[in-house]
Structures are given as structure tokens and as C-alpha cells.
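Visitor: So Swiss-Prot lists these for the protein:
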type	residues	note
SIGNAL	1-27	signal peptide
TRANSMEM	61-81	transmembrane segment
TOPO_DOM	82-86	topological domain 'Cytoplasmic'
TRANSMEM	87-107	transmembrane segment
CARBOHYD	Asn112	N-linked glycosylation site
TRANSMEM	128-148	transmembrane segment
TOPO_DOM	149-206	topological domain 'Cytoplasmic'
TRANSMEM	207-227	transmembrane segment
TRANSMEM	236-256	transmembrane segment
TOPO_DOM	257-267	topological domain 'Cytoplasmic'
TRANSMEM	268-288	transmembrane segment
TRANSMEM	297-317	transmembrane segment
TOPO_DOM	318-335	topological domain 'Cytoplasmic'
TRANSMEM	336-356	transmembrane segment
Amino acid sequence: MAGGRGARASLHLHLAWLCAFATTAWAHGGGGGGGDSDADADGGGEGKPDLRARGLVAAKLWCLAVVFAGTLAGGVSPYFMRWNDAFLALGTQFAGGVFLGTAMMHFLADANETFADLLPGTAYPFAFMLACAGYVLTMLADCAISFVVARGGGRTEPAAAAGAGLEEGKLSSTNGNASDPPAADAAAQDHSVASMLRNASTLGDSVLLIAALCFHSVFEGIAIGVAETKADAWKALWTISLHKIFAAIAMGIALLRMLPDRPFLSCFGYAFAFAVSSPVGVGIGIVIDATTQGRVADWIFAVSMGLATGIFIYVSINHLLSKGYTPLRPVAADTPAGRLLAVVLGVAVIAVVMIWDT
């Protein structure tokens, strides 16, 4: 039995890595052929992209649909199937490496280059300053979440904390059985998606929590919406989808154990709220590109990419790498070395991708 589980875990992990590399190739191959100049550029001498080109807008709309459908499917999937813990644990670390590499090598580089073109006589590091601002803004959203949880903690029953055990994937129960008291006590301190929604004592608290939790997802979507080429849009899509889908799966697993009444409706409702945030950001980015052009569009792009850098770094470090998916029962593949390898692989994928992006 143990050997069979190990084989299945190994198969899932190999499939995950193959899918990641295939998606990378697809992101660049589908990003635009050499003859699709009407979508990626306006044909001017400077080679400036046409942000209102029909092909570019269509690609962004496809990205909107894919990230919404993928996140929603991931959120409700635990209701229909059982996910492998090793796949989720290492896959989340892989997504963290991808997020970190994308922020540092793609978004920050693009923002810095655009600011250099906009302000050639200024040496001030605007891109890096905005990255810090994005990091702090995301931390502020997390502080708002912590405030709501702390305010509602005194009004919730002690038993409510026993169901909370996810920190981007940390489970406090297995196969429907309650966890041990120490695990439940530790889970009470978690500020995770599922546990915080579970402890929200009023509808207003729940709405505020969902808004705060989806704050960075909206800016992630804006990174797709303001992309200058189809290749950039598809690349941002698969980067964001990795994080969103893994987080949605982990949230769905915890909700099934914490909310036994009408579990499918609970999973669908929370997954829908989590899934719709990034498409909202994509829509905002599309509207920005549709109403601006030239120098104004460059400023918006530079500021958006700078803020997105800080948000991606915060999500990578504080939500994916430091917390990740931690199953209650030990998993053979979930070791420090395994997690390091997954993170290095995620960063390496972006490093290789950037060879064709420079």
C-alpha cells in the first residue's frame, strides 16, 4: 500500500513538472507569431505595441476566462476528488518560486526599464520604491484581516477554532476526523483564508475579509490587463494561475472539513469569490489600455508593474514559501530538500523563460 501511494505521488509530481514546462512553452508559443504584428505592435517605426489591438484584447479576455475557470474548478475540486498531499506541498513551493522569479526578473525589470525611458534624466529608483509600496500595501491588507479576526475572535465559540487549520493549505483534520487539541489550539492562531472566513462572526466581517483577501489578486489581474503583448499576457496568466489554483484547492479541502452543512454550496461560494478577483483586475487593466495610449499608458504600465512586483514578492514569501501547504500527517516527499528543489525549479523556469524575453 505504501509503495502504491509513493508511486502515485511520484507520478503526480512528474505530471506537475511536465505541465509546468508545457505551459511555459505554450505561454511563449501562443504569445504571438511573427506575422501577428497587428496584435502586438502598431507598425510604427518605434515598434510600440497597439494596446487596443483586437488580438491583444482577445488574448486578455481568454486569460480572464481561464484564470476564473481554473480557480473556480480548483476550489470545488476537493468535493469531487482527493488531492495528493505531496503534489500540493511541493506544487505550492514551485508556485512560490515562479512568483518570486516573475516579480524580480520580469515585472521589476519591465518597470525599471519603462521608468528609465519616461524619466531619462532621473536616477531615482521609482520602480524599486513602488515595489516596496506594493509590498507594504499587501501587508496592510493582511493587517486588516488580522484586525477583523481578532475582533470577531471573542464572539465566536471555542469550538469554531477546532475547525480552523489551513494556512494556505494546513489541515487540522483528516478524513473528517477532528484534530488533536494541540493542533486545534495552534490552528486557532492561523490567519488563513479558510480559518478567517470561518471565524468571521457577521456578514460584514465576511465581506471585509473577502475584499482584503482578494486585494492582491486584483492587482495580479491588472498585471495581465496592462500587458503590452500577448506573450506577456499569457506569461502572467500561467504565473498567477499556479498560485490561485493551488490556494483554491487548499481552501476547498479545509472548507469541506470545517463546514459540513451544504459543503458544495460553501465550496462554490467561497471559490467563486476567490476566483472572480483576478478577472476583475484583468478587466480593469483592459479598460485602462482601452482609454489610454502613448505616454500615459507607459506611466500606468510602469506604476502597475512596480506595485505588482511588491505584491508578488509578498505573496511568494509570506503566503507560499514560508507557509505553503503543510499536511497534518507526514509526507515522504515533503522535506526541506524537496521544498528547496521545488522553489529552485520554479525560479529556474522563469530564468530560462526570460532568455527569450530580453
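FYI, residue positions are counted from 1 along the chain as it appears here.
Cβ coordinates come from backbone N, Cα and C, glycine included.
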Visitor: Quick one: do the transmembrane segment (297-317) and the transmembrane segment (128-148) have at least 3 Cβ pairs under 8 Å, skipping pairs fewer than 6 apart in sequence?
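Guide: Counting Cβ pairs under 8 Å, at least 3, so yes.
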Visitor: At a Cβ cut-off of 8 Å, and with pairs 6 or more apart in sequence only, do we get at least 3 pairs between the transmembrane segment (61-81) and the transmembrane segment (336-356), yes or no?
Guide: no
Visitor: Give residue numbers and ranges for long-range contacts of the transmembrane segment (268-288): same chain, 6 or more residues beyond its ends, CB-CB under 8 A.
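Guide: Non-local partners: 57, 60-61, 63-65, 67-69, 71-72, 74-76, 193-194, 197, 210, 213-214, 217-227, 240, 244, 247-248, 251-252, 255, 297, 300, 304.
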Visitor: So if I measure Cβ to Cβ from Asn112 (N-linked glycosylation site) and keep only same-chain residues at least 6 apart in sequence, which ones fall under 8 Å?
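Guide: Long-range Cβ contacts: Pro125, Ala127, Phe128.
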Visitor: Could you tell me how many residues in the topological domain 'Cytoplasmic' (318-335) are helical, how many are strand and how many are coil under DSSP?
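Guide: Residue counts in helix, strand and coil order: 4 helix, 0 strand, 14 coil.
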Visitor: Taking the topological domain 'Cytoplasmic' (149-206) alone, what is its mean pLDDT?
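Guide: Averaging the confidence scores along the topological domain 'Cytoplasmic' (149-206) gives 46.
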Visitor: By DSSP, how many residues in the topological domain 'Cytoplasmic' (82-86) are helix, how many strand, and how many coil?
Guide: 2 helix, 0 strand, 3 coil
